[in-house]
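Quick notes on the structure that follows.
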Amino acid sequence: MLKFIQNNREITALIAILALFGLLGVIDRQYFSLQTVTLIFSSAQILILLAMGATLVMLTRNIDVSVGSITGLCAVIMGMSLNAGFSLPVSCLFTLLLGMCAGLFNGVLVTWLKIPAIVATLGTLGLYRGFMLLLTDGKWIEGLPDELKSLSAPLWLNISPIGWLLMILVLAMAWILAKTAFGRGFYATGDNLQGARQLGVRTNSIRIIAFSVNGVMAALAGIVFASQIGFIPNQTGNGLEMKAIAACVLGGISLLGGTGSVIGAILGAFFLTQINSGLVLLKLPAWWNDFIAGFVLLAVLVFDGRLRCAIEKNIRQQKYARFLKNDKNNQVT
């Protein structure tokens with residue numbers, strides 16, 4: 001049973017989602033509807049994008065705590081570009097390039113300058129947040145065009161254009177990680193860095209790509225934020241990094257690297273967003289969100305650690321039992 005949970009974290013995350021649906025459905029019968037699912041999916045899009053980027057970084061046994069600041073900075077650049085008269089496609093391109101450059105800078109700090117990821121990204125967290133406030137002078141960006149807001153308007157099956165694009169990105173990343181040698185390079189890099197190098201995996205390139213894609217995903221999250229909210233506060237992106245990491249860990253991405261899948265991370269992001277919807281249903285204050293996200297992260301880490309210890313203990317017991325059995329057979333003969 002323990003080994004099943006460890007090897008099938010996506011299934012356990014899905015079971016948790018269904019169980020929470022059942023619990024909230026008992027409280028409010030109207031919760032059981034397709035509209036509820038699409039609303040949660042719409043609310044989860046920002047966190048899903050951040051979880052996708054964090055998946056690549058965590059698979060390589062690194063961590064990036066600057067994604068919230070990158071999201072805020074990219075949202076600001078998006079809003080300023082549009083208000084300056086640039087078209088929507090050009091503004092999106094500027095934003096994505098900025099996100100990629102921010103992620104690339106993180107990757108260079110970690111890979112080439114050998115700075116621990118947590119230290120490097122803590123530094124860039126403040127750097128990007130400060131740059132964002134310098135650009136806006138601490139003010140909000142308002143008056144965004146309706147063209148941007150239309151990206152998050154419901155389309156077919158009550159899902160927005162961004163929602164459909166997101167599903168395509170999820171499927172593409174899942175296929176790349178599971179079915180290609182390039183994708184397996186992320187797992188190899190996080191599982192055994194030296195061993196991966198001996199097998200010919202370009203580990204430095206893999207890690208830089210992971211951070212760069214993470215930056216692009218944060219930029220996409222900034223675009224989604226601007227389109228959904230319609231304005232950009234000066235605190236955009238605050239605290240999102242913790243929720244992204246919590247979603248990944250909840251979905252089975254190991255902090256030790258080399259384990260997990262993007263599907264699990266997506267399910268973790270959906271579950272955390274579902275908890276937020278439950279708080280609304282229960283009429284609890286919004287500041288419970290961060291508390292619950294932190295509690296879930298801590299609980300999953302404790303559970304994951306205990307689960308690993310239990311599995312390792314069980315493996316040792318089986319190994320010793322086999323040796324003892326062989327010794328008894330030798331004594332009999």
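Cβ atoms are placed via backbone N, Cα and C, with glycine included.
Here Swiss-Prot flags 14-34, 39-59, 70-90, 93-113, 115-135, 157-177, 213-233, 252-272, 284-304 as transmembrane segment.
The transmembrane segment (157-177) makes contact with the transmembrane segment (252-272), as judged by at least three Cβ pairs under 8 Å among residues 6 or more apart in sequence.
Where the transmembrane segment (252-272) meets the stretches 39-59, 70-90, 115-135, 213-233, 284-304, the count of C-beta pairs under 8 angstroms peaks at 39-59. By the Cβ criterion (under 8 Å, sequence separation of 6 or more), the transmembrane segment (70-90) is in contact with the transmembrane segment (213-233), since 3+ such pairs are found. If you look at the transmembrane segment (213-233), the same-chain residues 6 or more away from its ends with a CB under 8 A from one of its CBs are 42, 45-46, 49-50, 52-54, 56-57, 64, 67-68, 70-79, 92, 95-96, 98-104, 106, 136, 140-144, 148-152, 162, 240.
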